[in-house]
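Report on the following structure.
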Amino acid sequence: MTKSIISAFFIILILGMMVNEIEGQQQQQRCEEALTEIDCGAGNCNALCLQKRKGLGRCVQRTPCDKLKCMCYYPCSS
């Protein structure tokens, strides 16, 4: 009986912490910037974005006719 109560307590505690983390991530605004100084390569794009804005770089193609572009997604506060 005691083990199940302790287990339930920890599960509720962990779920509460997860909800707080998710809410914090949703409140944080995301900005984006096209990094034109490099050709789009997955490693290059991500490395430059991380160095420049502490963000996540991805190669994207907005329309089928466009070339791949390096887009940097980062928290607006940085």
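Just so you know, glycine gets a Cβ as well, placed from its N, Cα and C.
In Swiss-Prot this protein carries:
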- 1-24: signal peptide (SIGNAL)
- CYS31-CYS76: disulfide bond (DISULFID)
- CYS40-CYS59: disulfide bond (DISULFID)
- CYS45-CYS70: disulfide bond (DISULFID)
- CYS49-CYS72: disulfide bond (DISULFID)
**Item:** Cα proximity to CYS49 (disulfide bond), best match among disulfide-bonded residues CYS31, CYS40, CYS59, CYS70, CYS76
**Value:** CYS70
**Request:** Going by Cα-Cα distance, pick out whichever of the disulfide-bonded residues CYS31, CYS70, CYS72, CYS76 is nearest to CYS40 (disulfide bond).
**Result:** CYS70
**Complete:** Cα-Cα, CYS72 (disulfide bond) versus CYS59 (disulfide bond), nearest Å, comes out at 9
**Request:** Report, as a single number, how many Cβ atoms besides its own are within 10 Å of the Cβ of CYS72 (disulfide bond).
**Result:** 21
**Integer Cα-Cα distance in angstrom, CYS76 (disulfide bond) to CYS59 (disulfide bond)** = 20
**Message:** On the three-state reduction of DSSP, what should I expect for CYS76 (disulfide bond)?
**Reply:** coil
**Complete:** Spatial hits near CYS59 (disulfide bond) (Cα distance within 10 Å) out of the disulfide-bonded residues CYS31, CYS45, CYS70 come to CYS45, CYS70
**Item:** DSSP three-state assignment (helix, strand or coil) for CYS45 (disulfide bond)
**Value:** helix
**Complete:** Looking at the disulfide-bonded residues CYS40, CYS45, CYS59, CYS70, CYS76, the one with the fewest other Cβ atoms inside 10 Å is CYS76
**Fill in**
CYS45 (disulfide bond) to CYS31 (disulfide bond), Cα to Cα, whole Å, comes out at 16
**Request:** Looking only at C-alpha atoms, tell me how far CYS70 (disulfide bond) is from CYS31 (disulfide bond), rounded to the nearest Å.
**Result:** 14
**Message:** Taking 10 A as the limit, how many CB atoms besides its own sit near the CB of CYS49 (disulfide bond)?
**Reply:** 23
**Request:** Let me know how many other Cβ atoms fall within 10 Å of the Cβ of CYS31 (disulfide bond).
**Result:** 13
